[in-house]
Amino acid sequence: MEKSRIIIALDYPNEEQALRFIRQLDPAQCRLKVGKELFTRAGPSLVKRLAAQGFSIFLDLKFHDIPHTVARACLAAADLGVWMLNLHALGGLSMMKAAQEALANNPSRPQLIAVTILTSMNQGGLRQIGLAGTPEENVLQLALLTQEAGLDGIVCSGQEAPALRQALGKEFLLVTPGIRPAGAAPEDQQRVLTPREALTKGANYLVIGRPITAAPDPMVALKAIEAEISNV
Ligand SMILES: O=C(O)c1cc(=O)[nH]c(=O)n1[C@@H]1O[C@H](COP(=O)(O)O)[C@@H](O)[C@H]1O
């Protein structure tokens, strides 16, 4: 069975709640994202444990620091046996190159991707931090920089995927959060698409948190999303 294009964001406040949910999952069925909240609570041991159970783990710590620090942090993340990890493209070309070079000869080299413009940002938010242009223009510029640094892909909204796919080619990974099934509340997300729309527009992976984890029955919500994308 081909591994799922769904990456479930385990944004739980503690290990116990995360494990209660994970016990219902099969590693062939989905990938798991461990982000800042759960990692800060449960630490590297949970990441190692889930990877040892056969889950593909996306460690989402969005590194953004000087090149030396980020390169060393990426090596530490790779040692946990994760499948994917990320940093912020806004950290710049030299930071991304340092991370890429640090991992280049790593025997268990994870997929290294860069967050472009957070899906919680809209044009007004970009203005506030001094960035001109539309979200799509900024995402494209950061994506081209990420590709120049030799990374495997980016995090973006599915809304930008068609233009990115055209500019970056078939192999470059487009990982898309901001996924909301039709009719679901966007909450703090600004650039949203449905699971089906994001894949149709060229996304490789869907990062989905609350639409699954905060659903009355998360497994029912997951199955509904699987059904929605089964023929895309
Ligand atoms: O890197 C990420 O995963 C990420 C980047 C981004 O631009 N937007 C974004 O929402 N995310 C993450 O994707 C997940 C989305 O969660 P929900 O909005 O609950 O589906 C969260 O864990 C975010 O930290």
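Each residue, glycine too, has its Cβ placed from N, Cα and C.
Just so it is clear, the model here is predicted, and its values are computed rather than measured.
Annotation source TrEMBL lists domain 'Orotidine 5'-phosphate decarboxylase' at 5-225. The annotation substrate binding site is assigned in TrEMBL to Asp11, Lys33, 60-69, Thr119, Arg180, Gln189, 209-210. As annotated by TrEMBL, active site, for OMPdecase activity applies to Asp60, Lys62, Asp65. Per TrEMBL, the feature active site, proton donor maps to Lys62.
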Three-class DSSP secondary structure - Pro67 (substrate binding site): helix
Euclidean distance between Cα atoms of Asp65 (active site, for OMPdecase activity) and Gly209 (substrate binding site), Å: 26
Residues among the recorded positions Asp11, Leu61, His64, Asp65, Pro67 that border ligand 1 - Cβ under 6 angstroms, in sequence order: Asp11
Spatial neighbours of Leu61 (substrate binding site) that are distant in sequence (at least 6 apart) but have CB under 8 A: Gly35, Lys36, Phe39, Ala73, Ala77, Leu85, Asn86
Neighbouring C-beta atoms (10 Å sphere around the C-beta of Asp65 (active site, for OMPdecase activity)): 14
Nearest-integer angstrom distance between the alpha carbons (Cα) of Thr119 (substrate binding site) and Asp65 (active site, for OMPdecase activity): 21
Same chain, 6+ residues apart, C-beta under 8 Å of the C-beta of Lys62 (active site, for OMPdecase activity), given in sequence order: Lys36, Asn86, Leu87, His88, Val115
Fewest other Cβ within 10 angstroms of its own Cβ, chosen from the recorded positions Asp11, Asp60: Asp11
For Pro67 (substrate binding site), nearby residues of its own chain (Cβ under 8 Å, 6 or more apart in sequence): Ser94, Met95, Lys97, Ala98, Ala99
